[in-house]
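Report on the following structure.
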């Protein structure tokens, strides 16, 4: 008996049993019946719905046969198209990829900046003077000249490098003593504290007010104190501040020292560099060397002095109310209109037997916290923003700190001297004005953009001005000069090196410099009026040219105007 195998239904439409009935039995040739067997194209295996179905053996076998017949031709990626000449891509240097390379690049930039800033000190004087045809033309190496011509009969006694000054320290044992007040002061106009670049004020000219720059030995009050043996050392705040801030100076300056008996007088020559305010003295940018250029060091110094004098008088309440002191102005004639200034004669004790008397200046008076306080008034001037890199009209309101930091970098010596003078005078507040040209090529007309007040002690700490070091420099110079014989000496800042030199000079040296003969009235050049200057500026603007108000004649007018004001 044979085993009967039932028919496995085949579903050609999918999985599972077919919807059609089972294939019927077919008759055989011998008369028996048999079922039709269908050959299944896929093997059958039991499964459940939770099983994961994969490839069957037949599919894998077919894939293996196809793989055996396949052969790889080329596995390289298709070439990228090259655009333009080959040198445009192959010769361009690569940017630094590693962090150490970026650090090295920053160090190199810092070294370049430091070298450019210190180049005026490190250059050899002989190479600057005679290197016109040898080597490259160094644009950043200006030829700085000495403030006084060194004569062959002068004898150099000593030279002191600035590195020695930085190590000195001396504290004055007692607070200064006020000996005398002279002059009269006007009150400060507080409305100028609200001035801003959008609400600026035009700088006025005060041609009728006289300013006095009198040296020590020409001061009648100091002569009186010297005759009364009030002290052994005499000076002014301008001379003392130049000594105290000597390590920050770049330009050359000189101080005349006279030893008379047991007394020491620190003087300045008439028309000395100390009478003018330097501009961009400590900046890395080089100013034009041509003296007739409106942006040269000398022209800017005259312009800055002129601005500073006018600013100190414009910010006052000119209503006739003044604060008078013990004595009137010792340098003014009767009926002469003078600037608002008070001279404060103060005495410091340097040691047991040495006292110093200095004439200090304050420019105004104001109510500070319910008490009357003294003010010093000074102005910073902007001549061209491309030299400083900061536009005051755009940055003063939003980035005032950046403007002050730039000025501290470019005018470190000037700001330090102003701070030292405020400390010597015992001022309660120092006002700094920001004055800019109406146009970079118009050095006649200016506007006041802002006025900011600072406390002298706080501002000295902000600019890293150490009072102990300041007095240490003065004490060392006084001790050195006290050891000299009676006679006349001159202390000169070297124009190319950070050092000062002491020369012994004849007794009659610089005597001719004090004789000043005014020009005849018909030969005097009067400065243009504001209307004439405005018309000239308008004509230049209409023609499309840069505003340049007659540089040659205009410079003489500005210099004459400022010189008359200084005298």
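Using N, Cα and C of the backbone, Cβ positions are placed for all residues, glycine too.
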Region 'RNA gate' per TrEMBL - which of 273-287, 288-302, 303-317: 273-287
Integer average pLDDT (0 to 100) for the region 'RNA gate' (273-287): 89
Helix, strand and coil counts within the region 'RNA gate' (273-287) (DSSP): 3 helix, 0 strand, 12 coil
